[in-house]
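Features as listed in TrEMBL:
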- A:151-168: transmembrane segment (TRANSMEM)
- A:175-192: transmembrane segment (TRANSMEM)
- A:198-218: transmembrane segment (TRANSMEM)
- A:225-243: transmembrane segment (TRANSMEM)
- A:249-267: transmembrane segment (TRANSMEM)
- A:288-310: transmembrane segment (TRANSMEM)
- A:337-391: domain 'MIR' (DOMAIN)
- A:400-459: domain 'MIR' (DOMAIN)
- A:469-525: domain 'MIR' (DOMAIN)
- A:599-620: transmembrane segment (TRANSMEM)
- A:640-658: transmembrane segment (TRANSMEM)
- A:670-689: transmembrane segment (TRANSMEM)
- A:696-717: transmembrane segment (TRANSMEM)
- A:786-833: region 'Disordered' (REGION)
- A:786-796: compositional bias 'Basic and acidic residues' (COMPBIAS)
- A:813-823: compositional bias 'Acidic residues' (COMPBIAS)
Amino acid sequence: MMLYQSKQEYYESPIHIDQISTSSIPTYTRVRSRRPVIFDGHYSDMRGHSRTIFGLRMRDLQLMTGLLLLAVFIRLYRIYQPSSVVFDEVHFGGFASKYMKGRFFMDVHPPLAKLLITFAGLMGGFDGNFDFKEIGKDYIEPRVPYVPMRLMPATLGVLVIPMAYLTLRQSHISTTASVLVSILLILENGLITQSRLILLDSPLVACTALTVLAWSCFQSEQRRPFGFWWWFWMSMTGLALGLTVSCKWVGLFTIALVGVSTIRGLWDMLGDLRITPEIFTKHFLARVLCLIVIPISVYMFFFAIHFAILTNSGDGDGFMSAEFQQSLKGHQMHDVPIDIAYGSHITIRHVNTQGGYLHSHNHVYPSGSRQQQVTLYPHKDENNVWKIMNRTNIPYDGPPVMVKNGDVVRLEHVATSKKLHSHDIRPPLTELDYHNEVSAYGFAGFEGDDNDLWRVEITEHSSSDPKSKDYLRTLHSKFRLVHLMTGCHLFSHKLKLPKWGFEQQEVTCIKGGTYPKTVWTVESNKNDQLPEDAEKVNYKKLGFLGKFLELNQVMWQTNAGLTDSHPYDSRPFDWIVLKRGISFWGKHHRHIYLLGNPIVWWGGSASVAIYLIFKTLLYVRAKRGYKDQLSESEQFYESLAGFFLVGWFLHWAPFFLMSRQLFLHHYFPALYFSVLLFGVLFDIITKFFKSRHRVLVALCIILVTYLAFRTFAPLAYGDPWTKSDCKKAKWLSSWDFDCNQFYDNYDEFNTEPTESPDTKVDHVSSNVPHGKENVATTMGEVAHKADAKNVVKEKATNNNVTEMDTEKKEFDIGDEDDADDEQFNPPAKHDEG
Amino acid sequence: MDTLKRRHPGMPDYQGSLEPEYSDDKLYKPTRQQSGNKWLGLPKEYRDEALAILKEYHDDIIPIALTLISFWTRFYLISYANFVVWDEAHFGKFGSYYIKREFYFDVHPPLGKMLVGLAGILAGYDGRFSFNSGEAYPDSVNYGFMRLFCASFGAWMVPLTYYTAKELAFSMQATVLVTLMVLLDTAYLCISRFILLDSMLLFFTLTSVFCLTKFHNQRNESFSLDWWLWLTLTGISIGCVSSVKWVGLLVTALVGLYTIEDLWDKFGDFHMPKPVYLKHWIARIVCLIVLPVAVYMLCFVIHFAILNHSGPGDAQMSSLFQAGLEGNDFHSNPLEVAYGSKVTIKNMGYGGGLLHSHVQTYPQGIGSSQQQVTCYHHKDSNNEWLVKKPRESPMSESEIEVDFVNNGDAIRLLHGPTGANLHSHPIKAPVTKSQWEVSCYGNDTVGDHHDYWIVEIVDDLNEKHVERIRSLTTRFRLRHKVLGCYLRAANTVLPQWGFKQIEVTCDKRNNIEDPHTHWNIERHWNDKLPAAPAANYRSKFLYDFWHLNVAMYTSNNALIPDRDKEDILASTPDQWPLLTVGLRMCGWADDAIKFYLLGNPIVWWSGTASLALYAVMLLFYMANGITFFMLAR
């Protein structure tokens, strides 16, 4: 029997299971001891429960229930408040209505979280007839069931708490630390704000938490490979990873975390000579199946649902290729003849930008040549029709002659009898010396001049149709149009003409342009000379995989393209110190501002710093020859803390590589890891404390956190606040919530009718992420707009209203040709919420 | 670096160990030796003597021979193309400015261009040639000599490679092989033969690496004379390479990584006393940080000293610096600004430009569609502004009376050529969305109170407190009367629609320390006022130095190519290792002399293959290492 110097040493020293007869301890029996247990070389703190979460003690269940109730209260308190659209509810609420109507939309986020919100809306009786158009738009009057929709993220936000508790408990962290961490998470103002609204971050954090829980349970099962629970937790991890990445692509960082952990495990296994190559291969394949195949299947499954719901054309069409659009109702095209002969009436589509068809209309450029405009227009219209003609004017009555590669042609705009023309004049917007203006010039009967001549260069053709390499054929041939006199290529890019050009896309002729934006294809083709039974062609049908891949590619590009700055954007370094938040909403002298609980936030960051300093110190000491031997329990804590640290790092550092706009809420997954790390450090530091003192320390931390929570609660709940309280709460001068919005004292909130219409919707409306400002202006609105200039000046004098929103609605009407068409709604460059 | 160490563990004089390898007779014996008495038509005695000399002096003969060949290849037919090839158009022109002593602006640091200038002086060139691309050189320009001067830098790469390889203890064969690879690489050859900076950049890069290996081999004799010598030379080298082009910072980083690893190893050396360790640190800080920075700054000192005349780059610099240049026209400036004065307004932040506006408007969808206001580094009439009173105030009718602008006055700024008012409104700025847009709107009579700006004087260079704005010396801010924001320009570059000029915003933050909100009057015209008394303006070197570097950085960032425009000259880093593209350096007319920059495929591909092979080996050893480690346990 060993002798111990002190009581402390006794508690420190682990029980080695093999010291005692193993058979005397049944696996599921509780070992009533505070000492850690070393079982088969693995550290296991069997303080009262056996393995994973299903061996919980009664006390854990009681505590968990208590925490859950507390979380429900804190998260759902006055969830009906505010009763109008807040921040990115504009987007995500809007997507729910589009799901209801099945109208295709494009968003940079995968569909799961949005589907959940839609589902909640459906349960609440939402009919999809509310457009969530701008921040501050009232919910009550149009009877939008916004509370059920908000309950979905809120519920998931509540579930984060028990998951955090279980993760720590089953990782052998003390009850005190686990409760402490749970309460810190409950009182985290940022998480509260985020989970009370129709936003995606709450589902994301919940899925991340689930992944961490499943993965740590799996780690505990390492001793029993290929057992039921081993398989169970590994596939749960895969499932949770799939869910996480289906909420937001930030889930890829979670995948990276699990990936790093897996590779490390496999690497260790490679060094373990007791493991035969066969078993190693089995381990490897099991991981491939559970951690790669399952997540991908889950991810694709939600896209399958997404496509199944969105069957109609909608405002996301403009992002997608013509083939993709064919799969949506409202875009289907009839079969068209494949052969293009001289005299055919064709429409020409720009391949790269999805900007639509080569278009002209009876309006001239206000500058440059002042000839008729040529643009790109996304909708089908007879002004898109061009007649393809050869360079001579000799009438010809013989059999149809097909257009060949290399032919010199002229294109006549059928509606105005003018020809596609270019000359050495700078285009209206792109005033660069290597761009020439493109116009439509001439009149009926006028022979035209050499500047009307274009050479057809077929650059790509359909592999199934070899003939389309040499002959211009509908859809199958992709071609460039070279201006014969100047050698420039017909070109278009995503630059919209001002209102004199009806916000259609600019078309120019570029000298030495790169390939992608100079490629065109013929989409429709009509020729009376061709027989009725001529060979017909149509877009090929895109299968699920094709649609899935294309949509993901477009999402990626759109996401990377969100580089504009935003009034409330921030950079990763700002997050660790909580430098600034985001103004979400402000109305009726109330204000919602996303700001974390500084104590929790800074506590998490401090834990990261302390752990890093500790590791550096060890490393430096080792270099100087100190042999620091960590005890086995210390090693265990160290590796657990290391896991959380890597988790924090992988959810934070990659943001540095992104040039797109970033917001405080991108830090939430990283915050979760830093708070878990806080719990581990709490255990390490208070290990030598008496149990009573340890609880006391925890209570102190909770008290401080609670006070901070109370201070900032009005900003999270949109509760009444006063100017003076607000100013006192500005701990950092960089926190830019607007104190002037509040009344001087609380009484005024009771006397003022909260629904008074004249209270101003002020600067928060400028929060509308920029993309949304472009959204949907119908012709109806346009028609009533007065002289643009007056409106601008009028608004400019009123600094409470942003001019931006107003100006968007101003068009000058008068384009009879286009008036029948729905004015093209420029696809909202969606801004991540 | 690890591999270097393993090659000769603890052996300061490794060369002795290699001696047997090339003292071996067989290496130099011609095979035909036995068959006859004659060798290359010479009597046997000559052969023996030649062999003896070769044997004794081969350490010198081989590099000398290779160097001579190198010079020959680099100089051969160097003046054949008698026209301006490729970027000679830039660097020849910049060299000319040094000869004319006119201030110019460029994104590269000055050392390389000063050397080009030196070559011009040595060639007797007067600086008058315009160096237009493709233009034929007149007889007055000895371009051949200037090219020779640049090419000699390229030629020295060969001996440097040879001795670097020797320092790395390569075998004789390997040393000759790598030297030949450098000698025979056609890209090195081609780029060295013109008036460009690349030959100098390569030369100093190679000297840096060479000095570093020399220094590395002195490591067992720390603080010896040689050790100090090579450490100092390494420092000077990296100073020079960074002063030619900023790309030189890459080799500086290599030296930095080596030093960090070295110091970390020494930290783990238990036998080294702490004071010695400290000395190691100090030696490196002095030689590898202080010294290179000093070299870099010295280049700028010389740069400013030579270029003391007003020239095309003036507008990039602060007003005070320009005032110190000979030939500027600031002496006619009246002293204090009055209503009715015409002024140009300069931003005082590092790299700041002149407040500018032009008829083009902010595009729809991005801004207000009103006239753009930017900061611009070119002097033209679009930088001129008229100082006016607010519309409400009574106009002083008197012709003689001059009404000065006082601190705290509200003024209106009228853009000279378009007559529109400097204006701001609560519309988000085009790039910096958190601030308000600044535009030009209306005219002298049409407008509103959003056109009014309050003058807030920060300080004056000569006097502590001034109540009026003095040209050149007074720093002031402009606060928007209605919005309370400050006029600011902080080197944010606008997209193409704004001609890549600098964005001007109205900043809601009131930070008096922010130099980007500080402005001064650069030019000042007022018929009613006399010119200011002559004063000797001196700007501080450090300020000018930093200002110029920020301006270089900003211009560098604005050089974003148009993705829609085919750029046949450009290539991307992923194309380089496999040499998939070359570079056409001049016109491609049928009868023209043509130059095409293309590496020697064997050299490039074998280099890339070595890198790949090394990476694979590293991985293999790592995987094996862990298994061995486990076995050992």
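Cβ atoms here come from the backbone N, Cα and C positions, even for glycine.
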Mean per-residue pLDDT computed across the domain 'MIR' (A:400-459): 87
Annotated stretches the transmembrane segment (A:670-689) and the transmembrane segment (A:288-310) touching (3 or more Cβ pairs under 8 Å): no
Counts of helix, strand and coil residues, the domain 'MIR' (A:469-525), according to DSSP: 7 helix, 30 strand, 20 coil
Outside the transmembrane segment (A:249-267), six or more residues from its ends: residues with CB under 8 Å to it: 108-110, 204, 207-208, 211, 215, 222, 237, 241, 243, 280, 283-284, 287, 291, 295, 559, 643, 646-647, 650-651, 654, 666, 669
Chain residues outside the transmembrane segment (A:198-218) and at least six past its termini with a C-beta under 8 angstroms from it: 52-53, 86-89, 92-93, 96, 109, 112-114, 116-117, 146, 149-150, 152-154, 156-157, 159-160, 163-164, 166-167, 170-171, 191, 229-230, 233-234, 236-237, 239-241, 243-244, 247-248, 250-251, 254, 258, 261, 647, 651, 665, 668-669, 672-673, 676, 833
Tertiary contacts of the transmembrane segment (A:288-310) (same chain, 6+ residues out, Cβ under 8 Å): 98-99, 102-105, 110-112, 115, 231, 234-235, 237-239, 241-243, 245-246, 255, 258-259, 262, 328, 544, 547-548, 551
The domain 'MIR' (A:337-391) - residue tally per DSSP class, helix then strand then coil: 3 helix, 29 strand, 23 coil
